[in-house]
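Colleague: Let me give you the structure first, and then I'll get to my questions.
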Amino acid sequence: MSSREKSFLAILMPIMALFFLFNTLPLIQGFLYSFTNFRGFGTYDWIGLRNYADLFQDSRVGNSYRFTFLFAVVSTVLVNVLSLVLALGLNAKISAKSALRGIYFIPNVLGGLVVGYIFSFFFTYILPAFGTAIGLSDLSSSWLARTDRAWLAVVVVAAWQSIAMNTLIYISGLQTVPLDVYEAGAIDGATGWRRFRHLTLPLIMPFITINMVLCMKNSLMVFDQIMALTQGGPAQSTESISYLIYSNGMGGGQFGYQSANAVLFFVVIVVISVFQMKFLGSKEEQL
Amino acid sequence: MNSKSTFKIGGSKNVPITVLLLIGCLTVFFPLYMTVIIAFKRPTEMTNDIFGALKPPAQWSLENFSQAMQITDFWHSLLNSLVITLCTVALCVLIHPLAAYAIGRNMKRRKLYKYAYLYLVSGMFVPFAILMMPEAKQTALLHLANWGGVIVLYVVFYLPMNLMLYTGYLKNVPLSLDEAAYVDGASVWAAYWHIIFPNMKPMHATVAVLAALGAWNDVMTPLILMGGSGSNTLPLAQLNFQSQFSTNYNLAFASYLLALIPILIFYLICQKQIINGVINGAIK
């Protein structure tokens, strides 16, 4: 082995070891705990696949999956549509372009928890007061207190924050479309909506893929906003999977059981991400 | 990436779109406005009707701030947040490009490095939810249930994404540069420090910014590792504060504003870098 090869290995091995120790090993441990009735302390027994069997019977777990998916799908669609519209606007020939881009990116640098607290006040006091003032009954009581509306409040806050990042990624996508494509399109009569539909959209498909995958993954793991806005309530209507694993696994004595839930959650996230990349990736076009 | 490039459709600026975008800015500014005015008001000034609630305070009072700073142990939390963020950024920028150099320069010819790449990058799909419980046990066992452990975990968790970014960027750094250095008798380390590391400057900025925002705003990792230790980061201080003093909104909002100000200042100073960083990172 040459000294160069030795140096490369000397770099690689400690990094791999660190990653194994703090990422793969806990992953394996979590997997092993999922076959036990460990409560987080004391002794425990191996119970085979019982946790997994119980997961599928547990309505609270079922509800958390239903909420998380509803939330993730709605916010992914909403965020991507709004981000794309905003990106088209911010990429157009406008005044104060860099200032506007700077302003619209602010929500992304603020922490999810504090933003959640601020919006919690907004949904509890400001919005109902506004609803009462204009006589709109749906707004006159707090969304956070209603089981059928609390999820929407979480969507609004999560979207408010993640639109910033997605918009910027779309802007960088729009800048990769060469000008002569538009010029050639203009000769063929492609303007306005048709230009967007047949020229812009296919060419920024890779960016739509990356935004959809990242947005979906982040939404599925929603935690901070739940912690700040609803703590899973009212009546567990906004309990996300991450939040359930945290609250019952760390504090509720369900270490083993929630480990099984976490393993299931991991599998779900991998399957969805792979599926999204395959499906959306097949629609990408190359110039 | 030239941020000034525009499509030349007509000569003049598009006024309707500019106006719409300006109006849209209210969605960003309104929550911030609300935070500022409530933070400066006295509790007696709070009213239930919407105009009263959103009216600027009659007398701007700093009282809420000094009280909030005392309750959240602001300076201590700020120091913890700063130490954690700075160490995370420094270690990410030192370790991750080194990993990318070893892997990126060898993965084409040697299977070991290719598998190492796939192994490390696949870590991106591991949700923290599955790691947090074993991680809590493990760090306690290793006496890392403190800010030191938080830094170690960030360096490990941000590795997959940063490895991808750096390896992608490394493809733009010609191999002939390293080879020339080797011919001149340089070791791998020397070639890395003198040739490769300086050549990846734009990616260092991107990684630094993303790591800084991630580490500064994160709640979950410090909560799992440091929760209950009496030592807080800024977000963690807000979490504890909220559960104890949720009824005094003026005080609460003063503490929210205190938590937001450092990151807003950071953003104002390197706004351009942050935006370019995200755009740089996105296209890889």
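Any Cβ shown, glycine's included, is placed from N, Cα and C.
What TrEMBL records for B:20-40, B:82-103, B:115-134, B:140-161, B:207-229, B:249-270 is transmembrane segment. The domain 'ABC transmembrane type-1' feature in TrEMBL is assigned to B:78-270.
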Colleague: If I count Cβ-Cβ pairs under 8 A between the transmembrane segment (B:140-161) and each of B:20-40, B:82-103, B:115-134, B:249-270, which range comes out on top?
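Modeller: Selected stretch: B:82-103, with the most Cβ pairs under 8 Å.
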Colleague: If you count Cβ pairs under 8 Å, which stretch among B:82-103, B:115-134, B:249-270 touches the transmembrane segment (B:20-40) the most?
Modeller: B:249-270
Colleague: In the same chain, who gets a Cβ under 8 Å from the transmembrane segment (B:82-103) while lying at least 6 residues past its ends?
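Modeller: Same-chain contacts beyond the flanks: 113, 116-117, 120, 147, 150-151, 154-155, 158-159, 162-163, 166-167, 169-170, 192, 196-197, 200, 203-204, 207-208, 211-212, 215-216, 222, 233.
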Colleague: Below 8 angstroms Cβ to Cβ, which residues of this chain, lying six or more residues outside the transmembrane segment (B:207-229), approach it?
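Modeller: Sequence-distant neighbours of the transmembrane segment (B:207-229): 81, 84-85, 88-89, 92-93, 96-97, 128, 132, 135-136, 139, 144-147, 149-150, 153-154, 157-158, 161-162, 165-166, 235-236, 239, 262-263, 266, 270, 273-274, 277-278, 281.
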